[in-house]
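Asker: Got a structure here, written out as structure tokens. Questions coming.
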Amino acid sequence: MQTKKLNHAPKTGYMFTVTVKNMGITEYLTAWQAMKDFTQQRTRETPDEIWLLEHPPVYTQGIAGKPEHLLFPSNIPVIKTDRGGQITYHGPGQIIMYLLLDLHRWQLGIRQLVRKMEGAVINLMDEYDIVANGSQDAPGVYVNGAKIASLGLKIRRGACYHGIAFNADMDLAPFVAINPCGYPGLRVTQAKELGISDNKEVLAGKLAQNFIAQLTHRIITPHGR
């Protein structure tokens, strides 16, 4: 696991440390338990963390998840989790960015945080001259109507966990077995299909950088502009 510490200041002017951890491929249940433990044990002084990782193939159902959105069974496990939202798929080649943040520290409400999460992905796509957008009806980020990133959060004790799942270079076939995020017929896409050649490690680093820029109101100028 690689760790990088970054010091950033929100609009309050105070400096806070954000620790970015690269955790490789991690079982979903292992990561979920670790997030719950971190949030339960954190204090007002605990630095915030961003975890970058991938999961082995797994379907996760949010607290609003309905069984009928799993269209047919497979050998991929289905885990009922505590994030918001419906069912989605995680697998190798999808960048998971888990956000373990003290929302009071950053003076953020849930809607503001969701907009910043969407903004991080939208700005990442802009670095590659790809137009992406969020949706008020179906949180996430879309390119030409196809979903490239899913969002999900759990708020507890004034802090959040879970985060963003960004499709980089993965097998999209398992999405056929579900109504992604509860929407029948919703198309999905990924960075590779959009002509992005940077590998997932580069994309993960840029995604984290863009999210931190959203938190701290900094502007990142895309390379080559």
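A Cβ is built for glycine as well, from the same backbone N, Cα and C atoms used for every other residue.
Feature list, courtesy of Swiss-Prot:
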type	residues	note
DOMAIN	44-219	domain 'BPL/LPL catalytic'
BINDING	Arg83, Gly84, Gly85, Gln86, Ile87, Thr88, Tyr89, His90, Ser150, Leu151, Gly152, Gly163, Ile164, Ala165	substrate binding site
SITE	Lys147	site 'Lowers pKa of active site Cys'
ACT_SITE	Cys181	active site, acyl-thioester intermediate
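Situate these features within the shown structure.
Answerer: When averaged over the domain 'BPL/LPL catalytic' (44-219), pLDDT in the model lands at 94.
Ile164 (substrate binding site) falls within a strand when secondary structure is assigned with DSSP.
The Cβ of Lys147 (site 'Lowers pKa of active site Cys') has 23 neighbouring Cβ atoms from other residues within 10 Å, across all protein chains displayed.
Within 10 Å of the C-beta of Cys181 (active site, acyl-thioester intermediate) there are 22 other C-beta atoms, taking all protein chains into account.
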Asker: What three-state class does DSSP give Lys147 (site 'Lowers pKa of active site Cys')?
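Answerer: Reduced to three states, the DSSP call for Lys147 (site 'Lowers pKa of active site Cys') is strand.
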Asker: Whole-number Å only: compute the distance from the Cα of Ile87 (substrate binding site) to the Cα of Lys147 (site 'Lowers pKa of active site Cys').
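Answerer: Just about 14 Å between their Cα atoms.
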Asker: Write out the long-range same-chain contacts of Arg83 (substrate binding site), meaning residues 6 or more apart in sequence whose Cβ is under 8 Å from its Cβ.
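Answerer: Those within reach of Arg83 (substrate binding site), by Cβ under 8 Å and sequence separation of 6 or more, are Thr60, Gly62, Ile63, Gly152, Leu153, Lys154, His162.
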Asker: Same chain only, sequence gap of 6 or more: which residues have a CB within under 8 Å of the CB of Ile164 (substrate binding site)?
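Answerer: Ile164 (substrate binding site) has long-range Cβ partners Ile95, Ile96, Met97, Leu99, Met117, Ala120, Val121, Ala149, Ser150, Leu151, Leu207, Phe211.
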Asker: Under 8 Å between C-beta atoms and at least six apart in sequence, can you list the same-chain neighbours of Gly85 (substrate binding site), or say none if there are none?
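Answerer: Counting only residues 6 or more apart in sequence, the Cβ neighbours of Gly85 (substrate binding site) under 8 Å are Gly62, Ile63, Ala64, Gly65, Pro139, Ser150, Leu151, Gly152, Cys181, Gly182.
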Asker: In Å, how large is the greatest distance between any two Cα atoms among Arg83, Gly84, Gly85, Gln86, Ile87, Thr88, Tyr89, His90, Ser150, Leu151, Gly152, Gly163, Ile164, Ala165, the listed binders of substrate?
Answerer: 16
